[in-house]
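The structure appears below as structure tokens.
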Amino acid sequence: MLHSSAISLSYSRLRTPSRPAAPPALAADSLAYSLLLAARAVAAVLGGSNLPDALAGHAGEPAAARAAAQDLAYGALRRFAQGDALLAALIARPLAQPEPRALLLCALYRLETRPEAAHTVVDQAVEAAGRLANGAFRGLVNGVLRNYLRRRDELLSGLTGDEARHWHPAWWLRRLRTAYPDAWPGIVAAGNGLPPMALRVNRRRCSRDDYLAQLAAAGIAARPTGTDGILLDRPQPVDALPGFFAGLASVQDPGAQRAAELLDVAAGQRVLDACAAPGGKAAHLLERADVALTALDVDARRARRIEENLGRLGLAATVRVADARQVRKWWDGVPFERILADVPCSASGVVRRHPDAKWLRREDDIAGFAATQRQILGALWPTLAPGGKLLYATCSVFPEENQEQVAGFLAAEARAELVAEEQLLPQGDHDGFYYALLQKAR
Ligand SMILES: C[S@@+](CC[C@H](N)C(=O)[O-])C[C@H]1O[C@@H](n2cnc3c(N)ncnc32)[C@H](O)[C@@H]1O
């Protein structure tokens with residue numbers, strides 16, 4: 001049993017006996033510095049923040065340190081339950097202090113992905129620990145990581161709990177097994193993997209073939225996917241992408257690109273994107289046809305990103321900050337011919353891009369999301385023109401937010417017909433999305 005083999009590390013025993021009162025500053029290009037940044041971000045997530053917000057605090061840091069910290073924080077959170085189980089086995093008393101705990105989680109992740117540099121990783125983690133709590137955890141960090149290296153195989157093979165083995169919460173795994181008795185291992189494996197980087201070419205500015213040629217000229221290997229998409233062999237910083245700031249392409253998962261493909265917008269239509277921020281799908285709709293688009297989002301800060309993204313791409317929409325459910329506050333009474341309802345959801349289809357979501361959600365959040373989704377769908381339906389189409393979309397794989405939601409709506413709404421339905425499960429090339437295209441009888 002993993003826990004019975006715990007080595008009792010008393011942290012007072014391991015505390016470094018004498019430390020300089022004011023340790024010299026860490027070099028910004030050191031692993032210790034990135035570990036420290038990552039630990040602070042992971043600790044913030046363990047305290048309830050989402051990871052992008054936690055990492056946004058690093059805006060003033062050098063780009064290389066930010067990138068390294070991001071990789072460490074994402075990696076540590078992807079396998080959080082495994083790291084936590086290892087710490088439970090390695091430390092007799094649970095470590096209550098969030099930053100040292102997060103530092104250990106980040107260091108364990110780095111040890112797994114850079115085993116050849118194990119001793120450097122341990123030394124750098126100890127250096128980083130010197131900047132936390134007046135260095136009180138240096139000895140503990142040193143002892144835990146060295147013990148881990150000594151006992152790695154035994155510890156890893158002793159991980160028997162579902163969460164530690166599959167890197168997902170137990171309730172989440174239960175739901176996946178129930179909904180997908182055969183496919184759940186693939187969903188879990190995809191969720192634990194690294195996401196590919198995919199682009200959407202702005203067809204108003206450049207053809208996909210032209211853009212593929214520009215990528216090839218820049219030495220970036222890529223292949224086409226879907227109607228407007230490109231998959232890169234290896235992720236790139238956006239400033240390495242030809243013409244990115246001139247609006248030639250956007251970063252968007254191929255699964256997300258299905259939305260504009262399914263909604264089949266045509267020039268002249270009045271179109272609503274009711275949950276639009278940061279504007280990825282709205283931009284795709286506008287790239288495909290000259291529509292009059294209203295883009296709503298309830299979150300003012302996120303709504304500003306719609307304007308930024310459309311501006312970069314040379315596109316325009318009427319952007320409004322409003323709750324889609326409060327129709328009287330934002331609707332002028334003229335029906336829409338197309339509506340995209342890309343509703344807030346559990347994000348259970350995109351955990352490889354948002355590994356923090358797995359640990360921030362609670363099981364009863366799913367019923368909460370389902371209730372909000374039901375309200376948004378019900379509120380939007382009267383704004384759809386007869387003969388018009390509404391695309392209900394989530395980035396979830398839980399049926400309660402998808403098929404069950406739409407089945408309930410169809411049962412209650414006699415004028416709604418389901419004309420297309422897709423459940424994309426996350427896999428190599430794309431994330432997990434659900435789409436239901438509903439048409440209103442004339
Ligand atoms: C899945 S995201 C949308 C992603 C976006 N369609 C895209 O492709 O870039 C869901 C969005 O719904 C917004 N939202 C949540 N509740 C809302 C509501 N009641 N009314 C309008 N927007 C809402 C959130 O702020 C969030 O930006």
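Each residue, glycine too, has its Cβ placed from N, Cα and C.
Here is what TrEMBL records for this protein:
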type	residues	note
DOMAIN	187-442	domain 'SAM-dependent MTase RsmB/NOP-type'
BINDING	Cys275, Ala276, Ala277, Pro278, Gly279, Gly280, Lys281, Asp297, Asp323, Asp342	S-adenosyl-L-methionine binding site
ACT_SITE	Cys395	active site, nucleophile
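With a cut-off of 8 Å between CB atoms and residues at least 6 apart in sequence, the same chain places Leu296, Asp297, Val298, Ala324, Leu340, Ala341, Asp342, Val343, Pro344, Ile376 near Cys275 (S-adenosyl-L-methionine binding site), listed in sequence order. Here the residue listed as 'active site, nucleophile' is positioned 15 angstrom away from Gly279 (S-adenosyl-L-methionine binding site), judged by their C-alpha atoms. In the shown protein chains, 16 other C-beta atoms lie within 10 A of the C-beta of Asp323 (S-adenosyl-L-methionine binding site).
In the shown protein chains, 30 other C-beta atoms lie within 10 A of the C-beta of Gly279 (S-adenosyl-L-methionine binding site).
Cβ-based neighbour count (10 Å, all protein chains) for Cys395 (active site, nucleophile) stands at 27. Between the CA atoms of Ala277 (S-adenosyl-L-methionine binding site) and Cys395 (active site, nucleophile) there is a gap of 14 Å. Lys281 (S-adenosyl-L-methionine binding site) has a Cβ environment of 24 other Cβ atoms inside 10 Å. DSSP assigns the residue listed as 'active site, nucleophile' to coil in the three-state reduction, placing it in neither a helix nor a strand.
Residue pair Cys395 (active site, nucleophile) / Asp323 (S-adenosyl-L-methionine binding site) shows a Cα separation of 20 Å. For the S-adenosyl-L-methionine site, whose binding residues are given in the record as Cys275, Ala276, Ala277, Pro278, Gly279, Gly280, Lys281, Asp297, Asp323, Asp342, the maximum C-alpha distance rounds to 19 Å. Following the DSSP three-state reduction, the secondary structure of Lys281 (S-adenosyl-L-methionine binding site) is helix.
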